[in-house]
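Encoded as structure tokens, the structure appears first; notes follow it.
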């Protein structure tokens with residue numbers, strides 16, 4: 001009696017699935033290689049450190065936005081909330097002479113309260129988050145103008161405050177990078193390693209199924225928008241320390257950049273899901289594009305056009321694949 005065995009069939013490589021899972025990472029590597037070959041300065045240690053410092057604020061804001069998107073919500077108020085918290089911390093230190101820690105806490109609290117208010121509009125009045133946060137942006141900006149009269153605060157701040165932007169640990173590691181790392185890690189652990197994080201993701205994946213499984217979806221949605229505002233507030237304070245002034249509109253550019261980073265990240269690692277690690281890749285892509293184009297002497301308008309194209313590409317890909325919905 002003879003026994004015959006057939007050779008195991010080899011599964012064909014699903015290039016489409018690989019592209020969907022790692023396409024964004026591959027794009028980041030490609031961008032790095034292109035700029036490295038185009039400019040010898042791009043890969044220098046000083047320039048790499050500069051890129052990380054420059055994207056630190058975006059990392060913090062985008063991490064909060066990631067929580068909102070992972071929960072099925074959109075936050076269009078992060079730019080104005082960042083601006084409000086940045087101006088508040090400046091005014092509380094310069095005008096009210098409050099200690100730095102207290103000024104930071106109050107400025108963060110103001111942003112968090114606006115995020116919670118957005119959550120109330122979404123969960124109690126059933127206003128789509130896209131609309132609720134779109135309206136919250138002008139409210140934050142109005143509060144900003146009411147506080148500082150629409151002017152920037154140029155007064156010298158206490159010197160220790162600038163450590164947030166210019167300090168170095170052991171004289172080597174920039175403080176903004178450390179702050180961004182801590183915040184990104186905290187949001188990553190929240191989403192991936194906690195029961196609350198699983199509830200947030202479940203709410204964003206299927207609201208009705210999450211509700212039927214016993215999850216308090218309204219609490220999750222409110223918390224998601226509150227955490228998004230928390231990230232915006234912290235980013236706004238970092239931005240004020242970097243600029244050395246409190247500017248009402250300083251945070252507005254970060255709205256588009258943070259959403260672009262999140263949408264880019266939705267095509268990485270876990271396609272269809274907003275993840276902190278995916279968003280981090282998106283932030284790095286934006287940072288490399290800005291830095292590389294600057295090194296090549298590209299005109300400022302070209303940089304804006306590139307940002308717009310990247311935003312369109314990221315959103316289009318996510319929408320076509322059914323990964324995001326706006327209402």
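Every residue, even glycine, has its Cβ placed from backbone N, Cα and C.
Annotated by TrEMBL as transmembrane segment, the relevant range among 259-280, 281-302 is 281-302. Record note: among 51-70, 71-90, 51-70 is the stretch given as transmembrane segment by TrEMBL. The largest share of C-beta pairs under 8 angstroms with the transmembrane segment (167-191) comes from 222-241, of the ranges 20-39, 102-122, 129-147, 222-241. With a cut-off of 8 Å on Cβ pairs spaced 6 or more residues apart, the transmembrane segment (281-302) and the transmembrane segment (129-147) reach fewer than 3 such pairs and are scored as not touching. Across 20-39, 51-70, 129-147, 222-241, stretch 222-241 shows the highest tally of CB pairs under 8 A with the transmembrane segment (102-122).
Relative to the transmembrane segment (222-241), the listed stretch 51-70 leads the set 20-39, 51-70, 129-147 in CB pairs under 8 A.
Here the transmembrane segment (51-70) has Cβ contacts under 8 Å with residues 78, 82, 129, 174, 176-177, 179-180, 183-184, 187, 190-191, 200-201, 204, 224-225, 227-232, 234-235, 238-239, 242, 251, 254, 257-259, 261-262, 265-266, 273-276, 279-280, 282-284, 286-288, 290-291, 324 of the same chain, all six or more residues outside its ends.
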